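Taken verbatim from TrEMBL:
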BINDING   Cys10, Cys13, Cys30, Cys33  Zn(2+) 1 binding site
BINDING   Cys83, Cys86, Cys111, Cys113  Zn(2+) 2 binding site
DOMAIN    79-118  domain 'TFIIS-type'
ZN_FING   10-33  zinc finger
Amino acid sequence: MSVIGSLIFCTDCGNLLRESTGDANAILHCTVCGARNNDTIPQTIVSESKPSAFPSALRAKRSAVQELSADDRKTEAIAEKQCVKCGRKEMFYTTVQLRSADEGSTVFYRCVCGHKETENN
Ligand SMILES: [Zn+2]
Ligand SMILES: [Zn+2]
């Protein structure tokens, strides 16, 4: 499961600082406006639970072509996969373990144009 790193933005000017260090006490200096920003985002990430991390019998019965839920989107990563609809060379993807471990996982691809693909490993 790939997870996009937590990105920290300057609270004053909105400049992207860098990926979170995971240290809530760290101070990130903005290179644009010089503001000091607290590295606090990881705390909110940790507090969120992800339903798909705990496959239930109910979930296993769902179709493999289910729509991505809001929780699934949080763990989207970017894959070098060309969208057949708009030709864009990067698509977001999420891997979901739908059944038992020996049956592999399903990868959901999503393009910013709205195109979606599903791939079974
Ligand atoms: Zn700034
Ligand atoms: Zn597309």
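Including glycine, each Cβ sits where the backbone N, Cα and C put it.
Unlike curated entries, TrEMBL annotations are predicted automatically.
These figures come from a predicted structure and were not determined experimentally.
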Notebook entry, point to check: Counting only other Cβ atoms and using a 10 Å cut-off, which of the binding-site residues Cys10, Cys30, Cys86, Cys111 scores lowest?
Noted result: Cys86
Notebook entry, point to check: Between the binding-site residues Cys13, Cys83, where is the Cβ count within 10 Å the lowest?
Noted result: Cys13
Note to self: Sequence gap of 6 or more, Cβ distance under 8 Å: name the residues on the same chain that satisfy this around Cys113 (Zn(2+) 2 binding site), in order along the sequence.
What the structure shows: Cys83, Lys85, Cys86, Arg88
Next item on the list: For ligand 2, pick out the binding-site residues Cys10, Cys30, Cys86 that have a CB under 6 angstroms away from one of its atoms.
Entry: Cys86
Notebook entry, point to check: Expressed to the nearest Å, what is the distance separating Cys111 (Zn(2+) 2 binding site) and Cys33 (Zn(2+) 1 binding site) at their Cα atoms?
Noted result: 34
Check: Cβ within 8 Å of the Zn(2+) 1 site's Cβ centroid: which residues qualify beyond Cys10, Cys13, Cys30, Cys33?
Finding: Thr11, Asp12, Gly14, Asn15, Leu17, Thr31, Val32, Gly34, Ala35, Asn37
Next item on the list: Taking a cut-off of under 6 Å between Cβ and any atom of ligand 1, tell me which of the binding-site residues Cys30, Cys33, Cys86 pass.
Entry: Cys30, Cys33
Notebook entry, point to check: According to DSSP, how is the domain 'TFIIS-type' (79-118) divided among helix, strand and coil residues?
Noted result: 3 helix, 15 strand, 22 coil
